[in-house]
Amino acid sequence: MASGSSSLMWFRKGLRIHDNPALQHAAKESNCVYPVFVIDPYFMEPDPNAFSPGSSRAGLNRIRFLLESLVDLDSSLRQLGSRLLVLKGDPGEVIIRCLKEWEVKRLCFEYDTDPYYQALDIKVKNYASAAGIEVFSPVSHTLFDSAEIIQKNGGRPPLSYQSFLKLAGQPSWASSPLLTTLSWLPPVGDVGTCEISNVPTVKELGYEEIGQDESTPFKGGESEALKRLRESIRDKEWVANFEKPKGDPSAFLKPATTVLSPYLKFGCLSSRYFYQCLTDVYKNMKWHTSPPVSLVGQLLWRDFFYTVGFGTPNFDRMKGNRICKQIPWNDDDELLAAWREARTGYPWIDAIMVQLRKWGWMHHLARHCVACFLTRGDLFVHWEKGRDVFERLLIDSDWAINNGNWLWLSCSSFFYQYNRIYSPISFGKKYDPNGNYIRHFLPILKDMPKEYIYEPWTAPPSIQAKAKCIIGKDYPKPVVCHDSAIKECKRKLAEAYALNKRLDGSVTEEDLKKLRRKLEEDENPESNTSRTRQKLIG
């Protein structure tokens, strides 16, 4: 390629300067670099019909987090003599128009395994190759190249964490230093007639601002990510002893994890740099935890889900997904809404769902509890419905990880011990006997004595009156009786597993319909009436 030509650096995720091979390549031998971010209506346009403020795909917390990340990126680029060029529209069309108008000779962007970006990238790459434009799209969002691991495994993704680790081995780049700083970038070229704007505010996108109390305490951006990383690895003992799934899901003033997941999701923090920082800490410690429970183990889980998601058609649904058990889930929108809107009558579950709505984040064990409760534990509602709620509200919502976790927690794939259920009463109590987490996120229960805070419906009327919280009026009665609900769920899953085994996974819609009818006919009349009677009272 002739020296002195122009490059377009297309930011999507990878919103950082450190360890950004696509940006480094764009800057090499170019006389100008166009750093571009496209505001995609698919993710950003307000949807007045959605169940929470935001677009049709993303809640407002995640949109705000992204905008903060872009402001931070723009500021870093300006320090290097450049700036972020923000455009609006269908990203594929916008990028092709820019390549034409600016006579770009080189297009650089970070490789992305998400199906949405895979389809988008084919369109842009096809145009670029026909126009003789060099395309450089390195893998730097993950530790490994998912395609390579699938190839090593004979064309199929490994379906267990241990087999993934065996195939993956050590990352090829792990022993060489990563480029974590840039001292300079070529200037931005002439932008011609393309409509360039600054990073928009939430208001400029058409959203109303929400109060501080209703928004996430976590701020977006690379600067914030690196600061959080430094704070996390400063306590070397903590890093060495970190052991998932241990940790306190009720700790909210100082969360029991790093809260680096949203920064990894948007690529404000390089997972490769995080990996190197952790291995540097381990080198100097006498002992440290290992995968799957260590912090490095968490990064490897992320890559495992990325790889399985990339190599599994229809990974994000039950139907047509060869690794997913076919289960006749309920299609009960009332129960789904009660769960989503924190009206289940189980304070531990409802407090977590309030934290999700307000903060866009909660501890992984809290996620496990509410996902289990919605699906195989109590309500038997389809995991896809819960996945959609998480996908919208989480600031760290990540396509492969979110789908992988819901498949896991509903016992549809990866994990099949459906008898192991998180109790919506005793699990939270173990960590927080006083119920401080519940009192914070459900202030209506703040004066309920600790003996009743996890089961307020058992409090005598005089205690409820004194606590200014009458169950069935101020706070709902439980939507199901946990003890009978778990028996029903286990019975249904046992039948569904037997059907999947008998038909060797080739379960049709008709088979599921028959099983659903059979399960309804066999339903214990006592639990059925108690569920109907209890359903959504109050």
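Glycine too: its Cβ is placed from the backbone N, Cα and C atoms.
The Cβ of Leu299 (FAD binding site) lies under 8 Å from the Cβ of Leu143, Ser271, Phe274, Tyr275, Leu278, each of these being in the same chain and 6 or more residues away along the sequence. Annotation source TrEMBL lists FAD binding site at 257-261, 298-305, 396-398.
Feature annotation from TrEMBL assigns domain 'Photolyase/cryptochrome alpha/beta' to 5-143.
What TrEMBL records for 517-538 is region 'Disordered'.
For Trp329 (site 'Electron transfer via tryptophanyl radical'), the number of other Cβ atoms no farther than 10 Å from its own Cβ, over all displayed protein chains, is 23. Annotation comment: TrEMBL describes Trp329 (among others) as site 'Electron transfer via tryptophanyl radical'.
Feature annotation from TrEMBL assigns site 'Electron transfer via tryptophanyl radical' to Trp383 (among others). All chains included, 26 other C-beta atoms sit within 10 angstroms of the C-beta of Trp383 (site 'Electron transfer via tryptophanyl radical').
Annotation source TrEMBL lists site 'Electron transfer via tryptophanyl radical' at Trp406 (among others). Sequence-distant neighbours of Trp406 (site 'Electron transfer via tryptophanyl radical') (same chain, six or more apart, CB under 8 Å from its CB) are Ala371, Thr375, Trp383, Glu384, Gly386, Arg387, Phe390, Ser412, listed in sequence order.
All protein chains shown were included, and the count of other CB atoms within 10 Å of the CB of Ser397 (FAD binding site) stands at 20. A sphere of 10 angstroms centred on the C-beta of Phe305 (FAD binding site) encloses 27 other C-beta atoms. Between the CA atoms of Phe305 (FAD binding site) and Trp329 (site 'Electron transfer via tryptophanyl radical') there is a gap of 24 Å, rounded to the nearest whole number.
Less than 8 angstroms from the CB of Thr257 (FAD binding site) sit Gly247, His363, His364, each of them six or more residues away in the same chain.
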